[in-house]
């Protein structure tokens, strides 16, 4: 295809990727090694796929522990709505400021190490939150501080994943791997809600923090075991990149002069901001529009739909690349589904719909939006694998800031217009603008090249 820039050797490697079901069989030879020693061997790749999926799940489980306990904590400590909002909002302010740092550290020392330190730290913060809450009479201060620290520590997670995949995974396998790991976030949200429904009444809100912290700590211990086995080492190597040789390395900051980089960043900002808006305002929309509807339906069904949708999008994107379609073509198709097709299902919500139709439209839109994990979100690994972590951190930081602005502005629109149609129209406008920029200026041709740099070697 026109945009494909894989070599003959790479295409041969891609045909024995994570999508090849035969590699999951017991007949596989454990002695087979990948040609590029910087890549995960297939047995290790399968282990890390499961480990990182669970890590993303527990990340969101720990992140959602405070929101699901907020009502109980507000009643105990006599917080107002403003004070509760201050505690909950503290997470996002911390989350924005460690994205680039986490990605840059991952590019230098390896994503495994950053993920380990991050998980161990947020596990301690989560498990220690009840102790901080009962430390003196300044619960509001300590809880806000705990949420800011939680945001700072979790802000490095997704940039580290991007860096890790760019160093360890073939181009034709990244879509499925990133989609699979990102789908863990939806499972983590559901897990937190399920745990809360059982534990809050029987054991109190403190038990949620203890349980979430313990699970995250066990995950960190699992990652630590990989490091103890010596599967990861940091060395100075001179490498010839097998995916796109011959380009000179450039400092990653200079990449901001490239239109494809800004197209990717802008598309990621738009999809993040609309996702934040959905996550923040959908419960209110359903509660006000359908007051007699069961909350369990509209709070669960859309996010259950997102899990198989994300996995399907990643599988299809990698399969298309393996079959010979250009990487750029595949990335744009995935992003069109995430922002264009999903907007088509938002459009009817601006009119009159009944409750079942609203749930179907929302679920379809949320499910399709997960295709971005195989589109603009993974495009950073196509363009700049040597500094994918730092650049993805910048993308995520900008997406978080824009998300905060769009969520706030949506609340203003609802207050002024008393209409949800304006909010859904705004979401469609943001999505189509970001999609148009990405379709026009987006690219998948590598813009950097590592000749002498620190890489992760098996």
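Backbone N, Cα and C define each Cβ position, glycine as well.
Predicted automatically and left uncurated, TrEMBL annotations should be read as such.
The feature transmembrane segment, as given by TrEMBL for the ranges 175-195, 238-258, 301-321, 322-342, sits at 301-321. Looking at 114-135, 356-377, the range tied to transmembrane segment in TrEMBL is 114-135.
Residue ranges 9-30, 207-228 are listed, and TrEMBL annotates 207-228 among them as transmembrane segment. Residues 52, 55, 58-59, 62, 65-66, 73, 77, 102, 105-106, 142-143, 145-146, 149-150, 153-154, 156-157, 160-161, 163-164, 205-206, 209-210, 212-214, 216-217, 219-220, 223-224, 227 of the same chain lie 6 or more positions beyond the ends of the transmembrane segment (114-135) yet place their CB under 8 Å from a CB of it. Beyond its flanks by at least six residues, the transmembrane segment (141-164) meets 52, 55-56, 59, 62-63, 66, 73, 86-103, 105-107, 110-112, 114-115, 118, 121-122, 125-126, 128-129, 132-133, 135, 178, 181, 377, 380-381, 388-390, 392-393, 396 of its own chain at Cβ-Cβ distances under 8 Å. Counting residues 6+ beyond its ends, the transmembrane segment (301-321) has Cβ neighbours under 8 Å at 6, 14, 17-19, 171-180, 182-183, 186-187, 189-190, 282, 327, 329-331, 333-334, 337, 359, 362-364, 366-371, 373-375 in the same chain.
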